[in-house]
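Asks: My structure is below; once you've seen it, I'll send some questions.
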Amino acid sequence: MKGQCSFLAVFALLALASILVTSAYDPSPLQDTCVAINDPKTGIFVNGKFCKDPKFVTADDFFYSGLNIPRDTSNPVGSVVTPVNVDQIPGLNTMGISLVRIDYAPYGGLNAPHTHPRATEILVVLEGTLYVGFVTSNPDNRLVSKVLYPGDVFVFPIGLIHFQQNVGKTNAVAFAGLSSQNPGVITIANAVFGSNPPINPDVLTRAFQLDNNVVKYLQSRFGWKNN
């Protein structure tokens, strides 16, 4: 009886884990549209956003303009990410997809190493030459990288650290689709050295095998965003 109860407990735990994993991704829509609205009147949070009454849905709920406009890349990393997700197009709510435009400055403009916790990314180069790559998970931490030219396409698997850098002498532009209405982004350097409040330098000193003063210097350098 005791062994049977243990088996049932493990089975129940695995079932719960599978439910949690399933619900960790964008939900499938149960109606034609679920145009997002903010509802500050309640203290209830939902996985996504509340839906507008379908009777009041308009074409503008599914529209965004301006991705043809080059962005100013004069920042420390030399890149700008322009997102088009559910915050810009409310009609993307429950659709499980979004888009970004990425502008890169010449001579090294970088979309710094980062992850998207909720989305796979597929990127196409429109202008310029990009060195791109991602790093696999522990224990291998293998770098998978390639140089891309206009018309080339590359995929970054969900959750893996990845980057793009302009290795050309002219501006570069890429567009990327992501498999979530709200893919999220964690820029590694900003998250580690620019967290709020700061991570105890002793933690980072040991983790990165750096002098404590070097860690404090790095913490003073991060905190800005390129998207």
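Note: Cβ is positioned from N, Cα and C throughout, glycine not excepted.
Whatever TrEMBL says is automated annotation, not expert-curated.
Copied straight from TrEMBL:
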type	residues	note
BINDING	Asn111, His116, Glu121	oxalate binding site
BINDING	His114, His116, Glu121, His162	Mn(2+) binding site
DISULFID	Cys34-Cys51	disulfide bond
DOMAIN	65-216	domain 'Cupin type-1'
SIGNAL	1-24	signal peptide
Asks: Between the disulfide-bonded residues Cys34, Cys51, where is the Cβ count within 10 Å the lowest?
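Replies: Counting other Cβ atoms within 10 Å of each of the disulfide-bonded residues Cys34, Cys51, the minimum falls on Cys51.
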Asks: Long-range neighbours only, meaning 6 or more apart in sequence with Cβ under 8 Å: which ones does His114 (Mn(2+) binding site) have?
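Replies: Within the chain, His114 (Mn(2+) binding site) has Cβ neighbours under 8 Å at Ile161, His162, Phe163, Val185, Ile186, Thr187, Ile188.
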Asks: CB neighbours of Asn111 (oxalate binding site) within 10 A?
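Replies: I get 28 for this one.
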Asks: Determine which residues of the same chain, besides Asn111, His116, Glu121, have their CB within 8 A of the center of the CB atoms at the recorded oxalate site, and list them by sequence.
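Replies: Sorted by sequence, the hits are Val100, His114, Thr115, Ala119, Leu123, Phe156, His162, Ala176, Leu178, Pro183, Val185.
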Asks: Give the distance between the Cα atoms of His116 (oxalate binding site) and Cys34 (disulfide bond), rounded to the nearest whole Å.
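Replies: It is 23 Å, counting Cα to Cα.
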Asks: Using the Cβ centroid of His114, His116, Glu121, His162 as the reference point for the Mn(2+) site, which residues of the same chain not in that list have Cβ within 8 Å?
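Replies: Once His114, His116, Glu121, His162 are set aside, the remaining close residues are Thr115, Ala119, Phe134, Phe156, Leu160, Ile161, Pro183, Val185.
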Asks: Using a 10 Å cut-off, grab the number of neighbouring Cβ atoms around the Cβ of His162 (Mn(2+) binding site), all chains included.
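Replies: Within a 10 Å radius of the Cβ of His162 (Mn(2+) binding site) lie 22 other Cβ atoms.
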Asks: Could you round the CA separation between Cys34 (disulfide bond) and Glu121 (oxalate binding site) to a whole angstrom and send it over?
Replies: 23
Asks: Around Glu121 (oxalate binding site), how many other C-beta atoms are within 10 angstroms of its C-beta?
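Replies: There are 22 such Cβ atoms around Glu121 (oxalate binding site).
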Asks: Could you please provide the mean pLDDT value for the domain 'Cupin type-1' (65-216)?
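Replies: For the domain 'Cupin type-1' (65-216), the model's average pLDDT rounds to 96.
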